[in-house]
Amino acid sequence: KMSSGAADLRQRKKQNCTESDKMAPEERNKENSKLGRSPKYMLIQRFAKLFFGCLAAVTSGMMYAVYLSTYHERKFWFSSRQELEREITFQGDSAIYYSFYKELLKAPSFERGVYELTHNNKTISLKTINAVQQMTLYPELIASVLYQASGSEEVIEPVYFYIGIVFGLQGIYVTALFVTSWVMSGTWLAGMLTVAWFIINRTDTTRIDYSIPSRENWALPYFACQVAALTGYLKKNLNCSAEKFCYLLVNASTYTFMMMWEYSHYLLFVQAVSLFLLDSFALAQTEKVHEVYRIYLFSLIGGYLLQFENSALLVSPLLSLVVALMLSKSLQMNMKKSTFVSRLLKIMYIYLVLTVAVTLNILLKMFIPHKENEHLLKFIEVKLGLNTTKNFTMNWLLCQESLQAPSQDFFLRLTQSSLLPFYILVLIICLFSVTQVIFRRICGEPLKETVKLEDGRIGERPEIVYHVIHTILLGCLAMCLEGMKYLWTPYVCMLAAFGVCSPELWMTLFKWLRLKAVHPILLALILSMAVPTIIGFSLWKEFFPRIMTELTELQEFYDPDTVELMTWIKRQAPVAAVFAGSPQLMGVIKLCTGWMVSSLPLYNDDDLLKRNENIYQIYSKRSAEDIYKILTSYKANFLVIEDSICNEVGPVRGCRVKDLLDIANGHVVCEEGDNYAYSKYGRFCHEIKMNYSPYVNYFTRVYWNRSYFVYKINTVISFQS
């Protein structure tokens, strides 16, 4: 029965494709004959519109990539730097990603390089890791293959090739947003406005300025391509060839996105919830929505297999939701009739899906061993006020700017560029229209097969409803965590640009206002051209000079103390030495010198998180003996103390590393708003600089400059001072 049902479904879809392919030319020919236009004239007009729109989209992406490259060169003077000075510009986790890219290029063969990464015991002391799985190094694997296969060794340096790929992906990101807005509005003027808003609000749309190799900079361009393809796929009356192309693009981009970023399944879960709500209100073709669910399922299975059986994908909320939706599909089939019983079934369907999804997720977590991302759940509990903790790692995460609520400056910047006001206007109009459509569906009124401009029903277009729900969900996340703004703001640019350039949106507004003095269709067409033109000119006048100043102004980034430290390590430290210090600095040491380190700036592994907390104790009020025991337990030979952390004067008291350590160690007690500090020992990073016993018994200073103090960890037999 299931096979015959699936065959019937495929047959219906095939018939729908052929019918729409046949009906569309007939309807267009009738319309053209009324307007006195020949089919040949209309074909040329459509081709010209498509050609110039694609040209504008590709040009926008290329210009943005060139802009990023030029800005990066001006900011770091990259071409005039030595290799060591260039590598220092990669900070924290970015340094680790690029260091593995270097190791792949140095390997005698690609196969050997991959093996060394999957059985890596030369990065973290006393620990063998599968770096490809743990750090999602597929971008580095692809970049190294392309660099060697293309014969670029004699043409371009590895670092330029690497950052060039990332900048190129950002160009694709912008092009995908352009196409999405164009597909929704019908005019590539919306795409131009999307790109303009994206670049002007670059501080809030991308982190490319601060962290080039980060996973999101590799992954989000593919997600933008997936969203663009999904937008086209959800459209009504799409011809069969275009529908197949969009379907294949959604397939490819979804799977690639999942392979590029370890947190991709959470973002796809938000998208799946949007599609679930879209389908629950019967605002889209159920067959299309369930095809997307199958794509999710295929991507999760493929990702699980190729990511070395990554259990985090099996216990992800995305898998539980998709399975629940597929199990509940048979019930939804009976709800398409507009009866009171069907409406009750619809409520039961939503309840059933949510219940099955939550139950399934709990069961999977009970029976499938997993450790990945458990700290995220603990963080969410503390963030929502459901729990309190003195744990150093949790409090350190809570103090990160990206994990706090967005500041007022964020909303002020969006308002100054006119983005936020127009987004709110477009969102309100679309929401009211969608609400009207849902009310009509509840009352039993069917959706129109084709929505015309004069109807003023923009809320009946499934791709529009999807984007409205999607941006609202992402917006809710962005209101809680500032780091989520990099996911939300690009789609704010796209939705706002679509709205002001869409005659249908203006027509929907005029239908409510019941304009009679002026023909509403004519006014809608005029405003859809005039408003974005005025916005574009105002943005050009105000922000273009600032952008050109950024590109012409030479900025100096030079860190001589770090350069001197790395040079000393490469010249003086033994090859087998292990260094200990802050995780961020250890990432740079690993990249610039290749020496083994005791910790890394990674936050998806409980053991590494515990290591980071233990080694951070060098900035706490602990005894020399305690610190010595901690460091030698990780076989560390050298200790690097950063003056910037030891003498940190943070803007938020209580969020400095030493404050968090004092709280975790019980060296600070809060009573009636006052903090009382007590400890038998002084702060280790201060005391060790005094060069008195017992510190000199355990540590010997071997190098120092204005920013760093390096101590050799002595080999002692007795701990007596």
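The first residue you see is number 1, and the count goes up from there.
Cβ coordinates come from backbone N, Cα and C, glycine included.
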From 142-164, 487-509, the residue range that TrEMBL assigns the feature transmembrane segment: 487-509
Range from 182-200, 266-284, 304-327, 348-368, 521-540 with most C-beta pairs under 8 A to the transmembrane segment (50-71): 182-200
Proximity of the transmembrane segment (348-368) to the transmembrane segment (420-443), 3+ C-beta pairs under 8 angstroms: no
Beyond the flanks of the transmembrane segment (182-200) by at least 6 residues, Cβ under 8 Å: 49, 52-53, 56-57, 60, 64, 67, 174, 228, 231-232, 235, 417, 419, 463-464, 467, 490, 493-494, 496-503, 528-529, 532-533, 535-536, 539, 543, 547
